[in-house]
Amino acid sequence: LERIRADHERALREAKETLQKLPEEIRRDIRQDKEKLLQDARGGKDAGAPGLPRRLFRQPVGAVGQEPADPIVRQRRGKIKEMMEHAWNNYKRYAWGLNELKPISKQGHSSNLFGNIQGATIVDALDTLYIMEMKEEFKEAKEWVEKNLDFNVNAEISVFEVNIRFVGGLLSAYYLSGEEVRQYHMCCLIDAHGYFLYFSFPQHSGIGRNWPWASGGSSILAEFGTLHLEFVHLSHLSGNPVFAEKVMNIRKVLNRLDKPEGLYPNYLNPSSGQWGQHHVSIGGLGDSFYEYLLKAWLMSDKADEEGKKMYYDAVQAIETHLIRKSSGGLTYIAEWKGGLLEHKMGHLTCFAGGMFALGADGAPDDKTGHHIELGAEIARTCHESYDRTSMKLGPEAFRFDGGVEAIATRQNEKYYILRPEVIETYMYMWRLTHDPKYREWGWEAVEALEKHCRVDGGYSGIRDVYHNHENHDDVQQSFFLSETLKYLYLLFSEDDLLPFEHWVFNTEAHPLPILHKDDENKEENEK
């Protein structure tokens, strides 16, 4: 804890010193740092470091899959590709180079999550374009990245969002296509080294931002707990262990802390190293922390025993204290506030069905079947949240109290912003069980998206899914291309496309290869 406080105070001092400089000085320093890093990475004559190692690229198994054998499945997958083409072409026509598209207004849109960084939709969509074999679109996206993507911004950013969308997107595009994106893969590593490493630890100092939904100056569990997959791969590719060391230190701090009832609260004070409010959620503010514990273990070829133990211990606490069954028989995950349950489940929480099923094979005490069943029950509940709306699209949150089940009762919870989590769970449940209902439920979502969210200029979210007439929010989120459409495409693909034995998905659906021990040994022998 003393080391955390010392690091935090040093980072604050450095941030204050930076902010006292003139903008021209800051830009000059950034430029000089990048030039040195580029020189080091290329092994320049004056390089003070050995630079990034040259690695023999091997395309992982399943970067390209076979056509579905069933003609109906093939036709449906073709329709999903056409949806991607509609979303992409309109982004290109009206918002090219900007972060997102306003499909009604037919202009660009940008939130403050990315600071002055631009191109979120391009980077987020790279791997979707690749696996859908949209080769020309992938080529033009890659060229934009090589020429225009720039992390040299003096602005507040969400470390979480930039990591999962930009760093994750660049890494997965490299792993899928290899030499084609070598240049911007290098750019990703250098920019991550120059920005994320120095400004992200401890969180919320320097350029990192403390978002308004954080409580009392605390850091958010899902933000500092959702860096592991990307940073381990940065160390793997760069040969620099510092990326992985940083995220492992975060985990070790969390592992040592006392946890109320075995649960991880959503807020941690970065100065004291103690939990903030005892608010626990498997949805927003907490969700991807648990996901990354499981996937860190899987990505390590099941060598990361610490991640495995933390995940299954957390699942046991979630089952004991948060998972409940309604009088109508629907299993849901409530939120925990200081020992009291709020019987509300968010759309974001619906990812957990897929997570439980994905982790079933390693579950302790012969609980594999139980975890698969738990995933199936969460999938059914989330499907009901869609089916009980007028538009057959799910609300942002739904409740189990006051005589209602799986229905949003508050106006500010009735919107749908093209979110992927329910479809994500359908995809995992299909892959792990091959129960045809998950494809049928996925197709219901496709039909609802086409009927209610498709507009001339792309796809838009809906302000109230219980109305009979659409009131669009006029935003085509970048994650619609990265996650929603990718998970739909995989749902209607054969299992040989991005097979789970060789890939894990980050929380933005960017596929990252499992670091198989045998592959590492082969690579070492070839050096």
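Cβ atoms are placed via backbone N, Cα and C, with glycine included.
What TrEMBL lists as region 'Disordered' is 31-54.
According to TrEMBL, the feature active site, proton donor maps to Glu161 (among others). Sequence-distant contacts of Glu161 (active site, proton donor), defined as residues of its own chain at least six apart whose C-beta falls under 8 angstroms from its C-beta, comprise Leu113, Phe114.
According to TrEMBL, the feature active site maps to Asp287 (among others). For Asp287 (active site), the number of other Cβ atoms no farther than 10 Å from its own Cβ, over all displayed protein chains, is 25.
Over all protein chains present, the Cβ of Cys350 (disulfide bond) has 31 other Cβ atoms lying within 10 Å. Among the features that TrEMBL reports, disulfide bond is placed at Cys350-Cys382.
Remark: Glu396 (active site, proton donor) has Gly346, His347, Ala408, Asn412, Glu413, Lys414, Tyr415, Tyr416, Ile417, Arg419 as non-local neighbours, by Cβ distance under 8 Å and separation of at least 6 in sequence. Per TrEMBL, active site, proton donor is recorded for Glu396 (among others).
The active site feature in TrEMBL is assigned to Glu421 (among others). Neighbour list (Glu421 (active site), Cβ cut-off 8 Å, at least 6 residues apart, same chain): His347, Leu348, Thr349, Cys350, Phe351, Cys382.
Within 10 Å of the C-beta of Thr507 (Ca(2+) binding site) there are 24 other C-beta atoms, taking all protein chains into account. The Ca(2+) binding site annotation in TrEMBL covers Thr507.
The number of other Cβ atoms within 10 Å of the Cβ belonging to Cys382 (disulfide bond), over all protein chains shown, comes to 29.
Note: the CA-CA distance between Asp287 (active site) and Thr507 (Ca(2+) binding site) rounds to 9 Å.
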